[in-house]
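According to Swiss-Prot, the protein carries these features:
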- LYS126: SUMO2 cross-link (CROSSLNK)
- SER137: phosphoserine (MOD_RES)
- 158-195: region 'Disordered' (REGION)
- THR165: phosphothreonine (MOD_RES)
- 168-178: compositional bias 'Basic residues' (COMPBIAS)
- LYS171: SUMO2 cross-link (CROSSLNK)
- 185-195: compositional bias 'Basic residues' (COMPBIAS)
Amino acid sequence: MVFPSPLQGVDIRHNKDRKVRRKEPKSQDIYLRLLVKLYRFLARRTNSTFNQVVLKRLFMSRTNRPPLSLSRMIRKMKLPGREGKTAVVVGTITDDVRVQEVPKLKVCALRVSSRARSRILKAGGKILTFDQLALDSPKGCGTVLLSGPRKGREVYRHFGKAPGTPHSHTKPYVRSKGRKFERARGRRASRGYKN
């Protein structure tokens, strides 16, 4: 019978060793990969954090690159000190029909929806691609980095404290919104209690 020697070590748990972050985009889109190649170079060769942030955002998933509406972009570009600067969005710019007048804007984005594109250009604005931006301002001077609301997706309404617990405003997953479905106990004072 062989006894374990007292000098044996304990096996180290390696499951937490890896840093979980993207080093490249999941997408196989060749145009996106060319942009990654370009901004990898710029992030390495320039001392600007702008290029590093753009590179990191190019790696992100679609849910982490939410679309930015025209109205939100106009509102953000109206803030003091942002006149004449280029709005940079690593994602899509979408139209907002609630906006009546579009000011003259200089914009750089991965994609611009057709109606948003026509409205920006009609107002005398300019739309750049990221390779044009790299030539225009390689260090990100005169730019404003914007992004859409990441928690704007409907699914975020279901996250948080369990629905039905006190002070919870979490949306329950219900098969139907009828009178008989999660509308009585806990929802009105006459039926037990009201949250």
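Using the three backbone atoms N, Cα and C, a Cβ is placed for every residue, glycine included.
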Q. Other than its close neighbours in sequence, what residues sit by the compositional bias 'Basic residues' (185-195), given a CB gap under 8 Å and a spacing of at least six beyond its ends?
A. 164-168
(Q) Do any residues, 6 or more residues outside the compositional bias 'Basic residues' (168-178), come within under 8 Å Cβ-to-Cβ of it, and if so which ones? (A) 157-162, 195
Q: Identify, among the modified residues SER137, THR165, the residue whose Cβ has the fewest other Cβ atoms within 10 Å in this structure.
A: THR165
Q | Whole-number Å value for how far LYS126 (SUMO2 cross-link) lies from LYS171 (SUMO2 cross-link) (Cα to Cα) | A | 41
Q | Residues near LYS126 (SUMO2 cross-link) in space but at least six apart in sequence (CB under 8 A) | A | LEU105, LYS106, VAL107, ILE120
(Q) Test of understanding: give the count of other CB atoms lying within 10 angstroms of the CB of LYS171 (SUMO2 cross-link). (A) 14
Q) What Cα-Cα separation, expressed in whole Å, is found between the residue listed as 'phosphothreonine' and the residue listed as 'phosphoserine'? A) 52
